[in-house]
Structures are given as structure tokens and as C-alpha cells.
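Visitor: Let me give you the structure first, and then I'll get to my questions.
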Amino acid sequence: MNINVANLLNGNYILLLFVVLSLGLCLGKLRLGPVQLGNSIGVLVVSLLLGQQHFSINTEALSLGFMLFIFCVGVEAGPNFFSIFFRDGKNYFMLALVMVGSAMLLALGLGKFFGWGIGLTAGMLAGSMTSTPVLVGAGDTLRNTASMGSQLGIEQDHLSLGYALTYLVGLVSLIFGARYLPKLQHQDLPTSAQQIARERGLDADSQRKVYLPVIRAYRVGPELVDWAAGKNLRELGIYRQTGCYIERIRRNGILASPDGDAVLQIGDEIALVGYPDSHSRLNSNFRDGKEVFDRDLLDMRIVTEEIVVKNHNAVGKRLSQLKLTDHGCFLNRIVRSQIEMPIDDSVVLNKGDVLQVSGDARRVKSIADRIGFISIHSQVTDLLAFCAFFVIGIMVGLITIQFSNFTFGIGNAAGLLFAGIMLGFLRANHPTFGYIPQGALNMVKEFGLMVFMAGVGLSAGSTINSSLGEVGIQMLASGLIVSLVPVVICFLFGAYVLKMNRALLFGAMMGARTCAPAMDIISDTARSNIPALGYAGTYAIANVLLTLAGSLIVIIWPELPG
């Protein structure tokens with residue numbers, strides 16, 4: 001039995017697609033020194049190579065892939081987008097705008113200088129910024145530009161070619177910039193991180209172990225009563241001194257939950273709740289009374305829940321104002337835009353932030369009702385909301401706007417991005433609406449992106465040889481410029497205009513580039529996870545701005561002088 005692989009792949013689009021994805025994902029696992037190629041570039045390289053052999057794929061698959069990807073980007077950005085845009089994220093918004101705006105202007109200037117078309121120029125911008133949202137936004141706007149005519153296919157091929165040529169340049173140059181740029185300025189990052197840690201009263205260490213609180217029971221002896229000196233629990237402030245709080249007291253056989261006015265007496269049995277290291281550091285006055293085993297006293301269900309910040313009495317407040325420990329709860333982590341934040345009493349809470357809180361089930365439920373709601377523990381996606389907002393996004397994308405003789409459409413990219421942001425925002429406000437497990441969202445977003453990359457690579461592969469010799473060196477040099485110059489501009493703007501702390505500034509710069517590998521290097525250099533505060537501040541807004549930049553560069557290109 002003879003099998004003609006070429007005919008088999010050409011006759012079966014689905015098989016070809018998954019062969020490209022499988023080979024590309026394998027290639028993406030390879031590392032060049034400290035740099036991993038990544039899934040996007042792996043799939044793109046394989047699809048370009050197969051495209052050279054005249055394999056092709058249905059363009060509808062390409063369209064569906066980019067639609068799924070950009071919609072999921074909007075859903076992820078939605079919970080924090082408006083709070084960053086309108087509230088305390090002004091500096092972060094301005095940094096992201098400077099980064100994206102300067103890169104777009106440089107790309108436009110270089111494209112005109114070298115005489116490229118819009119496809120190469122937009123592709124170079126996307127690759128240099130290592131930003132698939134730019135690629136997606138530009139590709140969608142190209143398809144909806146009637147004036148392209150017969151040039152449309154060529155420009156689409158050049159779009160993916162420009163991206164493929166400059167992606168690794170953008171990634172490697174940013175990683176080296178993240179490693180060496182902090183050393184060229186006067187303030188070192190560890191010192192800046194420690195300064196923020198001292199000002200805000202948090203641990204600057206980037207590694208933090210999280211434990212569940214445990215409960216132990218002790219009998220109150222004369223030493224503890226003498227130490228209390230007749231003060232009630234409110235006056236004693238036991239949590240501030242020990243890291244534990246008194247959950248229950250048994251006195252004369254009666255079990256009760258104490259209020260702040262209770263005074264400890266000899267013979268009381270108290271249940272203390274705290275982290276294991278807090279118990280190990282307890283003052284000897286507690287241990288002089290014997291530890292006791294009392295089934296009823298120790299009968300407390302410790303739970304850990306993820307609470308989504310929603311209510312007005314929590315949004316805009318500092319973490320310290322929640323007084324979680326006063327309510328018998330322990331904060332394990334804070335997540336914003338899928339980025340884990342340092343636990344910082346000065347962090348201002350945004351709508352959609354997720355707090356992981358441990359404590360007695362009743363107390364955690366009470367805290368959740370006060371600040372928002374407990375995130376649904378479900379693996380079931382609200383497909384109705386997902387599909388309905390997807391349809392809304394496509395409908396919004398059909399809207400056209402006319403200025404004098406100039407007409408342009410909003411396009412599917414902007415429409416779906418808007419619809420995704422709205423779905424994410426509504427999800428952050430209504431616990432039972434539009435739920436999408438993070439794993440499912442990641443899978444759909446990644447799959448959509450890989451399908452899109454496979455489509456553009458197969459489409460452009462047939463023209464890569466003829467185009468590469470003409471623009472290769474120019475493209476690589478331009479990619480290096482567009483990758484690094486905006487980073488320098490952004491640093492100068494943040495350091496000397498906004499006067500930001502350097503650790504926060506470098507984190508915010510990497511967030512504006514949406515580059516996680518570079519962010520890891522910044523955290524290592526700072527020996528702290530404090531730069532994550534800045535990274536989370538710019539990440540969500542940068543994803544949106546990058547998508548819009550991809551569309552905008554195509555729209556304004558014809559209006560620029562040749």
C-alpha cells in the first residue's frame with residue numbers, strides 16, 4: 001500500500017492543520033541558549049516551510065482562529081480594563097501608550113523610508129513587539145480594506161513574512177535589554193524593590209510559601225493572665241503580637257465565640273488559629289498553659305476560597321482597609337489580570353481582583369459577601385454567554401464609519417475585542433454570569449492563535465524566498481530599532497517625567513510589551529516579585545492598545561506621504 005503524503009495533506013485541510021500544529025509545537029519547545037522559540041514562532045516556521053511546498057488551507061480556518069484569540073484577549077482584559085483606564089492606573093496607561101505609540105510611529109517611518117508596503121511594515125511592528133494582537137488587528141483590517149484590490153493577497157503574505165523575520169529579533173533583544181538596561185541606570189533594582197517594600201510594609205522576597213492556617217487549643221495559665229494584665233482581647237491585639245487570633249473560648253464548660261470585650265481567665269481553654277510558623281513562635285506565656293485536645297473546641301472547618309472583588313465598599317480601597325485578620329481570615333495571594341501580585345497593604349484593589357483567603361468557612365463567606373463574591377468552583381463554561389457576546393462582537397465589527405470621502409470599518413478585531421472586554425467586565429460584577437474557567441479560556445485562546453499562525457504561514461510560504469532576499473537585512477535592522485528604542489523612550493518617560501520607582505517602572509515596561517520571559521528576568525534582577533505590581537498595571541491595557549495599533553497602522557498608512 002502506497003500513501004502519497006503530499007496528496008493526502010492537500011486533500012484534507014483538517015489533517016494538514018493538525019500536522020502543522022503538532023510539528024510547530026514540537027519545534028517551539030527548542031531553546032536557543034536561554035531563549036525558548038515558543039509556540040507561535042514554532043508553528044509559523046513550520047507553516048512557512050510547508051507553504052513553500054504549495055500546501056494551503058481554507059482561509060475560513062484562519063479567520064476563526066484569529067476571532068477566537070482576540071475575543072479571549074478581551075475577556076482576560078475585561079475585569080481590570082476600566083479600573084486601569086479610569087482609576088489609579090493613569091501612569092500605567094500613559095506608559096503603555098508611550099510604548100505602543102512610539103513603536104508604531106517608528107514602524108511607519110521605517111516602512112516609508114525603505115519603501116515597503118503596509119504588509120511588511122505592520123508585520124515588522126508585530127514581530128518586533130512580539131505581539132500577536134498587532135498581527136491579528138492588522139490582518140483583519142487588511143481584509144476589510146476595499147482599496148487594496150489585487151494587492152490584498154501580497155500584503156497579507158508580507159504581513160506574516162515581516163512577523164516571522166522580526167519575532168526572534170524582538171524577543172531576544174528585549175530579553176537582553178531586560179538583563180542589561182537596569183545596570184546602565186543609576187538606581188539598582190534590588191535597592192528600588194527594597195525601598196517599596198519598606199514603604200509599604202511587605203516582604204520583598206520573590207519566593208513566598210503559602211500554608212493553610214491551623215488550629216490548636218491551649219489552657220490559660222497564670223502566666224498568660226499576668227501577661228494580659230486585665231486587658232480585653234481588643235486591647236491586647238493578640239494577632240498583631242502573635243500572628244494568631246482566638247477563634248473560640250471554653251469557660252466553665254460553655255463553648256463561645258469571644259468578642260473584643262472578653263477578658264482571659266485562669267482555666268479558660270482557647271482555640272488559636274494561625275499559620276504554622278506563627279504557632280511555633282508563640283510566646284511562652286501561651287505554652288505554659290498545657291496544650292489540650294478538645295474535639296468541640298477544635299471543630300472548625302478551615303477553607304480556602306478565591307474571592308472576586310466587586311462591591312463598591314472594597315473597590316478603590318487599600319488592602320489594609322479590609323482588615324481581614326480582624327475578621328479571622330488570612331490572605332494567601334492576590335491575582336490581577338492572571339498576574340500574582342505581592343501581598344502589599346498599600347495595594348489599591350481593582351474590580352475583578354482575585355483574593356485567595358483562608359479561614360473558618362463562615363468567616364470567609366462573611367468577608368466574601370462584604371467585598372464581592374466567591375469564585376465559582378466549576379469546570380463548566382457558560383457557552384451561551386460566550387457565543388452571544390461573540391455574535392455581538394462580529395456585529396459591532398460590521399459597523400462602518402465615514403469621514404468626508406474616507407470610509408473604514410471597525411472590523412472584527414476591534415468588535416470582538418470590545419465584546420470580550422464587556423463579557424469579562426460583566427463576569428467580574430455578576431458571579432453566575434459568563435463564567436469561563438481559566439484553563440478553558442487559555443486553551444481556546446492558544447488554539448485560536450495557533451490556527452491563525454498556521455493559516456498565515458501556509459499562505460505566505462510560497463512567496464518567502466523572493467521577498468527574503470529583497471528586505472531581509474533591512475527588516476532585521478528595523479526590527480531591532482523598533483524593539484529597543486521604544487523601551488528606552490518609555491524608561492526615560494517613566495523615570496524622569498512620571499518619576500516612578502525603578503522596580504515598578506521596569507515591571508510596567510515589560511507589561512507594556514506583554515513579554516513574560518523578560519518580566520522573569522526583571523524579577524530575578526530585582527531579587528523580588530515587586531516588579532509584578534507594575535507588570536500587572538500595564539499588561540491588560542497594553543493588549544488592547546496593541547490590537548488597536550495593528551488596525552490603526554493599516555488605516556492611516558494610505559494617508560501618509562510616500
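Yeah, the Cβs are placed from backbone N, Cα and C, and that goes for glycine too.
Bear in mind that the values here come from a model prediction, so they are computed numbers and not experimental data.
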Visitor: Which residue range, 32-52, 515-535, is the one Swiss-Prot calls transmembrane segment?
Guide: 32-52
Visitor: How does the domain 'RCK C-terminal 2' (292-373) divide up by DSSP, counting helix, then strand, then coil residues?
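Guide: Per DSSP, the residues of the domain 'RCK C-terminal 2' (292-373) fall into 18 helix, 31 strand, 33 coil.
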Visitor: Do you know the mean pLDDT across the domain 'RCK C-terminal 2' (292-373)?
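Guide: Here the mean pLDDT over the domain 'RCK C-terminal 2' (292-373) amounts to 83.
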Visitor: Can you tell me which parts of the same chain pack against the transmembrane segment (32-52), counting only residues 6+ beyond its ends and a CB-CB cutoff under 8 A?
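Guide: Sequence-distant neighbours of the transmembrane segment (32-52): 16, 20-21, 23-26, 132, 160, 163-164, 167-168, 171-172, 175, 446, 449-450, 453-462, 464-465, 517.
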Visitor: Where, among 158-178, 478-498, 537-557, do we find the most CB pairs under 8 A to the transmembrane segment (116-136)?
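Guide: Comparing 158-178, 478-498, 537-557 against the transmembrane segment (116-136), the winner is 158-178.
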Visitor: Give residue numbers and ranges for long-range contacts of the transmembrane segment (158-178): same chain, 6 or more residues beyond its ends, CB-CB under 8 A.
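Guide: Distal contacts: 32, 34-35, 37-38, 40-41, 44-45, 48, 116-117, 119-130, 135, 138-139, 142, 456-457, 459-460, 463-464, 467-468, 471-472, 475-476, 478-480, 482-484, 487, 506, 510, 513, 515, 517-519, 521-522, 525.
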